[in-house]
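Data block below; observations after.
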């Protein structure tokens, strides 16, 4: 039987509809729509595409996008001053620093300048600490998108063995914390793990965020596992691929996220959701998507 398709595009569209309705109903009380500021430094082409996609998503749900594009030669102090300005802007509810930033800039120092309440990407150390403590706050977008995909497809992590490949602060570490909070038994493996396949074959839920095209094949996957592919890479011959060799894995997995169309759309949706939630809390409005 083919693996269940973990369709991020479909779920993202559903959540966008819910957010659009929540914004429309909250406007009379709030007096303005939610605002998301995306700070981009330099002219990295991939970052330009990502920012354009986020702006389109904002328009679909009724958020105002406050773009801030600075030259690659902009000094660190000037960028930090711009972030402090956005922190004080009453029309801005969420702020995202588009990563990566140009060489020579300290992205960690930039993230520290964010008002944690406006941290749309969930990467401020205070918000990561809240995640560790199980306290409410903005959540890292990609792991939160993975959890939403699992939940919406009836995959409950409770009591299951979950393995996360990758230990980055962007995906791997918060992913492990979210799965643990959902009562999974979690193992994190990485580039220095001996006999990787011995660990991954134990996983009932396998989240792959290794950043290596086609790293995971059928020999890494337990039959019946739910496999979430976070990776996305451009192939030399054109098109996109993930960290998972999907043609091999699809026949043996119970569920598999496609690339593209799986985790990627959910990352953008969770960015919007963090912003809409911050706006809702500011004006004492109901949570737009309880459970997500």
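Using N, Cα and C of the backbone, Cβ positions are placed for all residues, glycine too.
Here is what Swiss-Prot records for this protein:
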- 166, 167, 168, 191, 232: NADP(+) binding site (BINDING)
Restricting to the same chain and to sequence separations of six or more, state which residues have a Cβ under 8 Å from that of residue 232 (NADP(+) binding site). 240, 241, 242, 259, 260, 263, 264
Out of 168, 191, which of these binding-site residues shows the lowest number of other CB atoms within 10 Å of its CB? 191
Ranked by the number of other Cβ atoms within 10 Å of their own Cβ, which of the binding-site residues 166, 167 ranks first? 166
